[in-house]
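Okay, so here's the structure we're looking at.
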């Protein structure tokens with residue numbers, strides 16, 4: 001019934017509008033479909049097939065092999081599993097170091113340059129942000145120079161009497177090195193005897209290699225500026241009233257930051273952590289430009305391994321399978337993070353108990369939960 | 001106004017809370033810290049430029065000095081006169097220009113439709129867009145190659161440019177912007193008898209300049225710095241871009257030896273266009289995120 005009554009208006013102005021709606025979005029739909037949806041479906045097929053890179057993956061001589069590619073990576077016991085385990089280990093350490101460091105540094109920078117009465121704010125912001133706009137290739141090339149065995153960094157270290165390592169050629173894990181200082185060269189049998197994904201527990205716990213550590217520093221250097229801008233935006237959207245109230249209450253700068261400012265920044269913090277995590281699991285450009293996975297496969301990452309297996313070793317099925325496992329990992333960690341940050345809502349509520357009474361303004365109470373929910377979504 | 005009074009009150013607070021001497025000490029400490037940090041962030045780029053003008057021997061022997069002992073442009077001569085570097089540069093320019101123009105046009109078209117036009121499936125389309133945005137790019141390396149290969153645009157400009165036109169985030173930005181401008185202007189034009197595309201092209205788009213600049217900045221930077229897509233979409237030496245070419249330099253494909261001045265010169269040149277854009281649009285880049293949150 002309603003359809004018939006609407007029909008005349010549809011074919012009139014409304015109808016024209018709908019038509020142009022489809023026309024306007026058609027190019028983008030076509031592009032997104034062709035280069036995002038179709039590729040993912042095709043790669044999903046390849047990850048279940050024995051395609052070797054010759055001809056079309058959709059042709060008749062490509063066979064469905066079930067979960068073979070996935071099981072070769074996860075339980076195969078061969079080189080594929082060991083490489084995948086190594087790549088996961090390397091990238092996990094990379095994430096563990098980069099995400100907290102970049103978040104803390106960018107927050108620190110944001111707080112420093114966000115002072116109202118700071119002279120040269122623009123200059124400092126520009127300086128901190130500039131590394132973020134340069135290409136990862138250019139900055140990796142620079143890093144290779146700075147961190148070569150006789151490079152600028154080791155020169156600086158020599159001024160304070162430290163003999164720097166041969167950064168990008170040093171495959172030793174930094175935690176292993178730390179134990180090495182105390183004469184511990186091999187781990188207990190429990191750790192060296194058992195393996196997970198073809199990598200011994202002792203190696204899992206070895207920390208990132210010295211080479212990977214240089215990449216960690218690179219990532220912190222290039223991303224802190226971007227996240228600083230996000231934190232500055234977050235800081236500026238906070239009303240000054242709560243902070244002022246805390247000031248009146250006699251809270252010093254340190255207390256104000258931890259108990260008043262930081263809890264209010266939770267939405268921004270969530271964004272930064274999520275973006276950081278997603279970005280860190282995708283390291284590719286730097287590895288491709290810098291080390292190609294070496295030395296001793298200690299800078300191999302799943303993203304690079306996926307590329308290498310497919311394009312260099314013609315193991316297309318495995319390469320695609322790695323990409324999908326990586327996708328799952330990223331989705332998994334994003335959900336975990338969302339869940340962890342949402343859980344703390346309880347302590348946040350306690351926090352709110354702190355904030356309202358001293359401020360005394362009734363306005364502060366209703367705005368608080370609203371902002372909170374926005375951030376969680 | 002409110003920020004001024006806020007600044008004034010907080011200043012008076014610090015003044016009353018602390019004796020003057022300590023405040024000045026704290027202030028100088030803050031500046032010292034900021035300057036030290038700024039040096040850490042800027043120094044690598046100064047070294048980069050300085051080293052590109054050094055001789056290879058000096059680059060190795062004296063990596064920290066900012067003034068070359070013997071000023072040499074050999075690295076730049078080598079790059080521009082005796083290597084494929086100009087081709088790389090040309091390819092990067094071509095790709096960047098077309099990707100940026102294409103994105104500006106298609107993003108604003110789609111953003112406008114999603115923000116303003118009523119048609120069936122609009123909400124579904126928008127949900128799909130959000131879903132697509134969450135697929136990490138690196139996961140798409142192999143998939144993209146498969147499709148590019150399948151439809152026969154592997155190793156061509158089309159294969160380099162067209163897939164990069166997909167930009168869900170850009171559509172999102174444009175949609176948000178169009179929703180923030182009042183409908184009344186468009187309605188006036190429509191009453192005057194202008195068609196939808198006409199309204200979009202001559203009324204709405206000119207008003208969308210700030211958002212378009214954001215898209216231009218993001219697209220320019222994104223396509224100029226893109227590496228992985230070109231790795232999987234081309235193999236011919238004629239289609240190498242700066243990122244791909246300089247990455248091959250890094251692994252020492254030009255000749256033996258470390259060749260640091262050449263590598264750093266190449267890296268410096270490829271940084272120049274983004275740096276120029278950055279300084280032109282600096283205010284906008286710095287305030288872009290501020291404005292988005294404040295509004």
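Glycine is no exception: its Cβ is also placed from the backbone N, Cα and C atoms.
All TrEMBL annotations are machine predictions without curation.
Keep in mind that this is a model prediction, so the values were computed, not measured.
TrEMBL tags one of the stretches A:210-232, A:233-255, A:348-370 as transmembrane segment, and that stretch is A:210-232.
For the ranges A:63-83, A:126-146, the feature annotated in TrEMBL as transmembrane segment maps to A:126-146. Between the transmembrane segment (A:92-114) and the stretches A:21-48, A:126-146, A:265-284, the greatest number of Cβ pairs separated by less than 8 Å involves A:265-284. Residues 57-58, 64-67, 69-70, 316-317, 320-321, 323-324 of the same chain lie 6+ residues outside the transmembrane segment (A:21-48) yet bring a C-beta within less than 8 angstroms of a C-beta in it.
Long-range contacts of the transmembrane segment (A:126-146) within the same chain, counting only residues at least 6 positions beyond its ends with a Cβ under 8 Å from a Cβ of the stretch, are 109, 113, 152-153, 168, 214, 218, 221-226, 228-229, 285-286, 289-290. Sequence-distant neighbours of the transmembrane segment (A:210-232) (same chain, 6+ residues past either end, Cβ-Cβ under 8 Å): 90, 93-94, 97-98, 101-103, 105-107, 109-111, 113-114, 125, 128-132, 134, 136, 139-140, 143, 147, 165-172, 174, 177, 265, 268, 271-272, 275-276, 279-280, 283, 286-287, 290-291, 294-295, 298-299.
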